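Contents: one structure, followed by commentary.
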């Protein structure tokens, strides 16, 4: 295994980790008004993500740092080609965080209802934009050029957008069922059960659309294995949901969330590696970056262990 592949794997770890961790937060936000009818229930749902929000975003920040330092040519062309999508990602990310931070700053029902709407719309927009980005990366990064709007929002990339929204919303519902008090977990579990079929259909849709659209895939076999694991994880999650085994269900939905990134990375690895930095730069970065990765993993494990219990009406409120 070359050092180039290790760096690509680290980038996949960071972005995939964000898909698992903050993807659950986005899914919770996307279904906030649909799943929870009362302001108190919505407040409790946001309490469920409180300890994890900033820690989850660290993964995306680390991933962007890796992209800039290790893949400078890829970063340049990626941001140039998909500039409109990147702007949507940043705007939606900031809006989601603003909604979570500001919602409970006033007691007025109108104030909280408006911020609830912001959280929902921003969460959906952020998930959809990431789906568009992945779909466009699979179709090929146009080095040195900027594609037109028709390419950025092609039917294939739109299908990816819908798939990520469905996967995140479902994953977030499972996360909420895992975290909420027992007297409220049934509602979150019902949302998760309703989301299983859309996730399965969208995954199969992408699998069928990829060859039909003539999308260039460099490693069909490995990508197909990952996609099969995602479909299997979705089916297994449906079974564990019915058994009310929410921790196991969350593990299954996490496989689906991470698999979206892993599959894209495998399918496009040779093209992505065209944008990697020179060997000397990679050696210097390795001295700084590689020791930080175990620390990041340990901190995330500590956080989940510390806040592993269900929340209640007397749990600490972070936002």
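Using the three backbone atoms N, Cα and C, a Cβ is placed for every residue, glycine included.
Per TrEMBL, the feature transmembrane segment maps to 6-32, 44-69, 81-103, 115-138, 158-177, 197-214, 220-241, 248-272, 284-305.
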Let me spell it out: take the transmembrane segment (220-241), skip the flanking residues so only those 6+ beyond its ends count, and list any with a Cβ under 8 Å from a Cβ in it.
174, 189, 192-193, 196, 199-200, 203-204, 206-207, 248-249, 252-253, 255-256, 259-260, 262-263, 266-267
Lying 6 or more residues past either end of the transmembrane segment (81-103) yet within Cβ distance under 8 Å of it, the residues of that chain are 26, 29, 46, 49, 53, 111-112, 115-116, 118-119, 121-123, 125-126, 129-130, 132-133, 136, 141-142, 145-147, 149, 152, 319
Using a Cβ distance cut-off of under 8 Å, indicate which of 115-138, 197-214, 284-305 has the most pairs with the transmembrane segment (158-177).
115-138
In the same chain, which residue numbers or ranges, 6 or more beyond the ends of the transmembrane segment (115-138), come under 8 angstroms Cβ to Cβ?
19, 23, 25-33, 39, 42, 46, 78, 81-82, 85-86, 88-89, 91-93, 95-96, 98-100, 102-103, 147, 151-154, 156-165, 168-169, 210, 215, 217, 260-261, 264, 267-268, 272
At a C-beta cut-off of under 8 Å, are there same-chain residues at least 6 beyond the transmembrane segment (197-214) that contact it? List them, or none.
138-139, 155-156, 159-160, 162-163, 166-167, 170, 224, 227, 230-231, 234-235, 256
